[in-house]
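Annotation comment: Swiss-Prot describes 195 as N-linked glycosylation site. Swiss-Prot lists 1-79, 153-163, 238-243 with the feature topological domain 'Cytoplasmic', giving sequence analysis as the kind of evidence. Swiss-Prot lists 101-131, 185-216 with the feature topological domain 'Extracellular', giving sequence analysis as the kind of evidence. Marked as transmembrane segment by Swiss-Prot on the basis of sequence analysis: 80-100, 132-152, 164-184, 217-237.
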């Protein structure tokens, strides 16, 4: 048998183009034997059967599953952070309302009095305590109004707009609450201990219930400020993870 010599082969890019098509392809070669007689050989490749498709699907499936597995933890983390944000807001609302109600109901009258004086103390006697009550009432109202935005962050975990708005307003309310609580804490300290240099006498020994209720209100306000700080840190961390 005479050897066959290949004179011409289709270019490689044309072969690969045909390989990528779902239909069968024809690979044509011009060959010639030693006598110079040209012969054309055609090789037909059948269509990819279902078994081949199954193999191709098996090869691509791990990539899709890996991508979904990589996205699911991130989305779950963001949703969990949003739920934790809502929980912190509810706790801050409770602390803010507690501080407001405790200060608003602070009132004590001593059982003894003179012909010209009656010993009575309430929060409106000091402008610091009045400002404290107003600031905590505003903070509590803001936290209630911020609940829908927190719920939006749960439903749409990748929404950056509501989080950015919340982090700005939370920072403002945290600053107001902290300043009001700090000023009231200074007054409470003087009420308990007095100041001999300024000749301010401690009056909490006489108005014990009054001072105790004011102290509880200040503690609740500091708790609300700490929860607001936690909300700011949580929102900032969530925004950083969105990049």
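Placed from the backbone N, Cα and C atoms, the Cβ positions cover glycine too.
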Spatial neighbours of the transmembrane segment (132-152) not adjacent in sequence (6+ beyond its ends, CB under 8 Å) are 82, 85-86, 89-90, 92-93, 96-97, 99-100, 103-104, 123, 159, 162, 165-166, 169-170, 173, 176-177, 179-181, 183-184, 217-218, 221, 224, 228
Sequence-distant residues near the topological domain 'Extracellular' (185-216) by C-beta distance (under 8 Å, 6 or more away from its ends) are 102-103, 105-108, 110, 119, 121-123, 126, 128-129, 222
Secondary structure of the topological domain 'Cytoplasmic' (238-243) by DSSP, residue by residue, totals 4 helix, 0 strand, 2 coil
Restricted to the topological domain 'Cytoplasmic' (238-243), the mean pLDDT of the model is 76
The correct DSSP tally for the topological domain 'Cytoplasmic' (153-163) reads 6 helix, 0 strand, 5 coil
In three-state DSSP terms, residue 195 (N-linked glycosylation site) is classed as strand
Beyond a gap of at least 6 residues from its ends, the CB atoms lying under 8 Å from the topological domain 'Cytoplasmic' (238-243) belong to 74, 77-78, 81-82, 85, 158, 160, 163-164, 167
Around the Cβ of the residue listed as 'N-linked glycosylation site', other Cβ atoms found within 10 Å total 11
